[in-house]
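According to TrEMBL, the feature compositional bias 'Low complexity' maps to 391-400. What TrEMBL lists as compositional bias 'Acidic residues' is 401-413, 433-454. Residues or ranges marked as domain 'RCK N-terminal' by TrEMBL: 238-354. For 391-454, the entry in TrEMBL reads region 'Disordered'. The transmembrane segment annotation in TrEMBL covers 12-34, 54-73, 80-97, 103-123, 193-218.
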Amino acid sequence: MAISRDWIGARASVVLTLVVGVVSVVTGIANIGVGGAADFLFFGVVVPGVVKQITAFTGTLTGFVLLVCAFGLRRRLRSAWWAALLLFPISGLQGLLQSSRLSIPLVALSAFALVIVGLNFRAFDREISLSTTQIASLAALAGAQGYGTAGAFALREHFNSVDTLLDAFYFSLVTGSTVGYGDITPTSAVGKLFALSVLLVTVSSFAVVLGVVFTPLIEAQFSKALGRMTEEQLDVLDNHVLVLGFGDLTEPILEELSAKADVLVVVPDEERARRLSDRGYTVLTDDPSDEEAQHRGKVGVAQAVVAATNNDAEDALAILTARQLNPEVTIVAAATQRENVNKLKRAGADTVISPATLGAHFLAESALGGHGAEELEERLLGAGEEDLESAAAAVSGASEAADESFSEADGESDTSASGESEDADGTGFSFDSDTDAEPDAGDAPEGRDENEDE
């Protein structure tokens, strides 16, 4: 199921659009260099050489526009989805009219991308949200180009080589971009004064627009340096594993999960977030139990949620929030104290493992002459997917057996604690004070060393 979603999901749409854009640019440039010759049997005879040249040039432009669409799709913009859906048939038609074997991949990819992107209509539901500065800068650029084009055409008698609106637009664009080829120049004082005004207005508008475009890129780099995720990165999350919080047990869990699935870790501490980000993990700096944080972490489309910190009380709050936001998601938790296993299950966890109880069970079995622990360790460390599944089942069974062995001792205290908590705050949960301690700010091994030094 995960593989199929990766192949036809939102991420595939972004990648396909990017690939079609690159192929369109490369194909167009290659066919422009070939000239009017064609070697594709269907259209090599009937398509005039000038049409092939025009479609090669316009195909290159279409490719660049598709690259912009890929950026928009990455932000889940509906307008980018519509634009890509419109450009794919155009790109495929341009590939056919270029009448070259080089165009065959472009035609095939355009058709395939049209289907995949079309199927993901619901994934791209964000409207364009432009700030006042962005709207003003774009309006200024359009107004400046309009001023330069209209003015140059109206004063064409004061310029050489300005005969049409296209010539006037060319003059305005070349002036504003500070390229200045020199093929169109003013021939009178009126023309020179107008050219100076166009230079000031268009260059200023270009500078403002460039600043607005590059500002988000700079912000993204700062966010990465601080261990934070941008909204664009969060928007493309899909079918991932959401890890709520970080503790001693979370470290090996991340190592296992990151090799098999996309993982997002939610931690409240910026220093820890930066360290995890430096090690290649995707990190969101926020409160793991906060509803808005889990919304941003896309808990609604996550394939699983993991809560395995040193604090059972905080894990329970995070689990309650996740279960409320996504009743169907699989939630796995680790209980620091074995007394809290049932409480985490009542909070909404599907599976709860108590490492302390499990370890005690295996150690006791080994002390009494059993070899189950060693055999299980060999099966876990050995290769093979089937072995891992059977070993996981054995761990689950051993965990249940260990819980049952302590059930009589815990029954009365658990019932009493639950009753007291329910009377106090109505939640029905009570956790030992030992588990309410704040987790260490550093990495797990460093945290243990610091505590020992203290």
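Residue numbering: from 1, along the chain as shown.
Note that Cβ sites are derived from N, Cα and C of the backbone, with glycine treated the same way.
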Chain residues in Cβ proximity to the transmembrane segment (12-34) (below 8 Å; excluding those fewer than six residues from its ends, i.e. six or more beyond): 6, 52-53, 56-67, 69-70, 73-74, 84, 88, 91, 94-95, 98, 100, 102-103, 105-106, 109-110, 112-113, 116-117, 120, 123-124, 236
For the domain 'RCK N-terminal' (238-354), mean pLDDT (0 to 100): 87
Counts of helix, strand and coil residues, the domain 'RCK N-terminal' (238-354), according to DSSP: 51 helix, 25 strand, 41 coil
Close approaches to the transmembrane segment (103-123) from elsewhere in its chain (Cβ under 8 angstroms; 6 or more beyond its ends): 8-10, 12-13, 16-17, 19-20, 23-24, 27, 31, 40, 59, 73, 76, 81, 84-85, 88-89, 91-92, 94-96, 238
Long-range environment of the transmembrane segment (80-97) - Cβ separation under 8 angstroms, sequence gap at least 6: 13, 17, 20, 24, 27-28, 42-43, 47, 51-52, 55-56, 58-59, 62-63, 65-66, 68-73, 103-104, 106-107, 110-111, 113-114, 117-118, 120-121, 124
